[in-house]
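Student: So TrEMBL lists the following for this protein:
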DISULFID  Cys147-Cys190  disulfide bond
DOMAIN    85-142  domain 'Sushi'
DOMAIN    145-203  domain 'Sushi'
REGION    200-244  region 'Disordered'
SIGNAL    1-20  signal peptide
Amino acid sequence: MCARYLGFVLLIWFAGVTHAQNENVCRAPVLDEGYYVPEKETYFLKEELTYACDSGRKPVVEGWWATSRCEDGNWVHKPQCIDQNACLPPTISHGKYDKAEDGWYKEQDSILVQCDDGYECKGNSSPSCRSGTWSPLPVCERRRDSCSEPPKISHAVIIHQYKEVFSEGSEVQYECEEGYTRKGNNIIICEHGQWTAGPTCNESSADQGPPASDTDVQPEGGDRRESGAGSGKQPEGSQSSRSS
């Protein structure tokens, strides 16, 4: 009975291992107008293949040949041969544009470049694909009225995603570390390339008592006395009587 049970457990374990291995392997890619080596039906995790394309075509990455790697059942990148006059996505520092669904652009396709906050476009902001290359790409240059990263303040953090450059009019907010009290404005603004003055974070005093209540009166002379009901002081004009 024990042997049958153990055999059943091993069968389930082996099936699970086999299933996990099958999820990690990659099937041979379908590559039109190209070829690759080594040619196999399946490829193991992290295994690589190299491919090239027929005349008039090129890989979907830079170069006349390319390498793809099997990652969790998928090829990274997917082997693909495209027209030699097509263009690959350009790299524009501090700029962005709409990505093509296929990962590449046909001849005569154009893109609209937008620079990041704090940068301005120099040159043609709408380059087009011509014979496999882009017409002169624009450059995103930092604006003169932009600000660098906000100043570091001891015992404080900034409630804003980190950036190297902030555009004119940008605002960031500081928050003090627990146990520290803010003094000054917690929001600073980028104005003409400079940040406005920020706060300071001072250690909170642990021996500070509660704020004075309305019943505590500090008369001139420095002696404190209590006023109001329960103070024991009788209003002027009143008489106190004691029963015998």
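Every residue gets a Cβ built from N, Cα and C, even glycine.
All annotation found in TrEMBL is predicted automatically rather than curated by experts.
Note that the coordinates shown come from a computational prediction; the quantities given were computed from them, not determined experimentally.
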Student: What are the DSSP helix, strand and coil residue counts for the domain 'Sushi' (145-203)?
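Tutor: Secondary-structure composition of the domain 'Sushi' (145-203): 0 helix, 28 strand, 31 coil.
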Student: Let me know how many other Cβ atoms fall within 10 Å of the Cβ of Cys147 (disulfide bond).
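Tutor: Looking across every protein chain shown, the total is 23.
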Student: Are there residues of the same chain, six or more positions away from Cys190 (disulfide bond), whose CB falls under 8 angstroms from its CB, and which are they?
Tutor: Ser146, Cys147, Phe166, Ser167, Glu168, Gly169, Ser170, Glu171
